[in-house]
């Protein structure tokens, strides 16, 4: 069936969470938000595009940092209220310069940093 | 540093998104929500426990279906507003009986079902 971004389920702010996963390593890189137009732009351009809640603007990942995400596969979940984008990630995904935003683990009741920023 | 669930960033409903990933295959299985008490219970029991928004109740994954998630590693992101739980998944994660909830891809403008329900 043809895909229409308006058939996804958005929250009260018109947003849907999008999980970015490295298509090669399988690492979960980050989670951010898209609106219907960001979904459409991501599919049209192949450049993963989020909606920045803090800036209230489209956020073409890597446009300023160079750490872009090229779309490899676009998936939606059974409830149509969450997205999974498989990406080809250039450089670190996290603004802290780490490969993934999920670099902190909770182990034995304490926080453990799993990786240092790339240099 | 010691971990305190109250230091996570929750939304207006007191919830934080939690992504479940199969620790062996790397498959992203599902995304659901936790509140601070669900985070604490998950860490204490090793049984991944969400907050069901529809039922407004704790949801120990697999408690009724048997498709439980044993916690292998608990991670948080740079903004402390999203969780990643690496799990040992028993049976399919999705209520449709598929391994993952993300079984639909958008390719060439159309929706493609990537896997059938397990029997």
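Yeah, the Cβs are placed from backbone N, Cα and C, and that goes for glycine too.
Here the structure is a predicted model, which means the values were calculated and not measured.
As recorded in TrEMBL:
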{"type": "DOMAIN", "residues": "A:30-103", "note": "domain 'Phosphoribosyl-AMP cyclohydrolase'"}
{"type": "BINDING", "residues": "A:77, A:79, A:81", "note": "Mg(2+) binding site"}
{"type": "BINDING", "residues": "A:78, A:94, A:101", "note": "Zn(2+) binding site"}
Inter-residue Cα distance where the pair is residue A:101 (Zn(2+) binding site) and residue A:77 (Mg(2+) binding site), in Å: 22
Spatial neighbours of residue A:81 (Mg(2+) binding site) that are distant in sequence (at least 6 apart) but have CB under 8 A: A:8, A:9, A:10, A:16, A:17
Least buried by Cβ count (within 10 Å) of the binding-site residues A:78, A:94, A:101: A:78
Tally of residues which DSSP labels helix, strand or coil - the domain 'Phosphoribosyl-AMP cyclohydrolase' (A:30-103): 10 helix, 29 strand, 35 coil
Cβ neighbour count (within 10 Å, all chains shown) around residue A:79 (Mg(2+) binding site): 14
Residue A:79 (Mg(2+) binding site) and residue A:94 (Zn(2+) binding site), distance between Cα atoms, whole Å: 28
Residue pair residue A:101 (Zn(2+) binding site), residue A:79 (Mg(2+) binding site) - Cα distance, angstrom, rounded: 25
Other CB atoms, at most 10 A from the CB of residue A:77 (Mg(2+) binding site): 24
The domain 'Phosphoribosyl-AMP cyclohydrolase' (A:30-103) [mean pLDDT, rounded to integer]: 97
